[in-house]
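Peer 1: What follows is a single structure, and I will ask about it in a moment.
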């Protein structure tokens, strides 16, 4: 019994003086990593935040999005235009998330309590957490392909190593499975870096990756003998749908690649030193991501000219190279790029969500480790097996992310008019502003379901095409993220007008006027620090 008690004490996260966690029942709602970030810990400068998009944009999954559209028969030029539109659409929600995170020092699980309620926010955390686990696995699978480029460059015979050891139904070969495991092991130590330490790793990526992108772009144009053959490839949609249908699907796929950041960005910008520049730097998203997608489109179309078929995965193009040194370094750089994307874009958000669900036992580091383990367990190579399946995956989870983003936008900008939060109440159960009905805001749940429900038939068809679904439902589904966002945003605001609730951040229902200062403070944690000094 003593050993079990000691183990329990080692697992439980004990509060520090002055934190919200140190106040009785609040321990259920916070811990050190979940509290607002103190000013002295805000070390991300504007160029770190801006460089995030330069670094984040360059990863294989971003390259695959437009090239998947090319593989399905869309003209490369139209694929790029569709991706640009998608990136522009997702930029405004990302700016909003970055603004809120940088101003209040709060992460997504805490911010979502304002709209969903203290308990209702669990729904939002689960929705995002599932997406992060899937992306963690997909990016690790892509990273495994990069490792294979490196290994084949050193040992060309590795290409045929136990090639038939696994059945075709596995959708992965023994060499690919080994490389996936090697990449997973290589990225594991990076999970132990703090958020502030990650900014230096991203600066390395910012310096190196643009040069690598220029090299790939130059090779593609040279190998295909200029622009002509690339962008004169005609539309060839063979599944019975129109070019417009494929175009809209590509818009949604492009949004999907960054839709999580429309929610996640606050998890990064809460560490930003300059709150104003932190959200302004989100304007780099459509520039950096679109340039990366241009590169992906050029590589896919170039492969069709050079090798006679569209290679929608750029790492498959690298594997076709004869120059072993070029193959090795390309694989190495792609692997490094995916490690940084995986850690900051997937493991950190998942850790925040799991921390919001179980703050007594989960902190950032523990959550990241669990994310990595789950990312291995989901067998992500099954998602990447085909271009059709990859686009279905990208479009599928936007059914949930679009409405979730729409609700957050509606709550902060339409309902609260951007007046901010009573931060102390976000950590206080029952008689606080954000307790609503038994900890749940029923308006948020109804609005969320309203945005999701019309998209479910299209989602079901994307999973099983043998189902009978009307053409109108499928066409509505092609812009699932935008449709769900608008429906939820409007519904939530109308429900607020019909059933209003208190939104004044200076109002504290329990009558404890001491929280007024916390509600008005930009860094908010100053309130907790002052409180600890008084204590």
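Glycine residues also receive a Cβ, built from the backbone N, Cα and C atoms like all the rest.
Caution: TrEMBL annotation is automatic and unverified by curators.
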Peer 1: Looking at 390-413, 510-533, which one is transmembrane segment according to TrEMBL?
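Peer 2: Here TrEMBL associates transmembrane segment with the stretch 390-413.
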Peer 1: Is it true that the transmembrane segment (242-263) and the transmembrane segment (121-138) have 3 or more CB pairs under 8 Å, sequence gap of 6 or more?
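Peer 2: In contact, yes.
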Peer 1: Compare 121-138, 202-222, 325-345 by their Cβ pairs under 8 Å to the transmembrane segment (172-195) and return the stretch that comes out on top.
Peer 2: 325-345
Peer 1: Take a look at 202-222, 325-345, 366-384, 433-456 and tell me which one has the most Cβ pairs under 8 Å to the transmembrane segment (121-138).
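Peer 2: Out of the listed stretches, 366-384 contacts the transmembrane segment (121-138) most.
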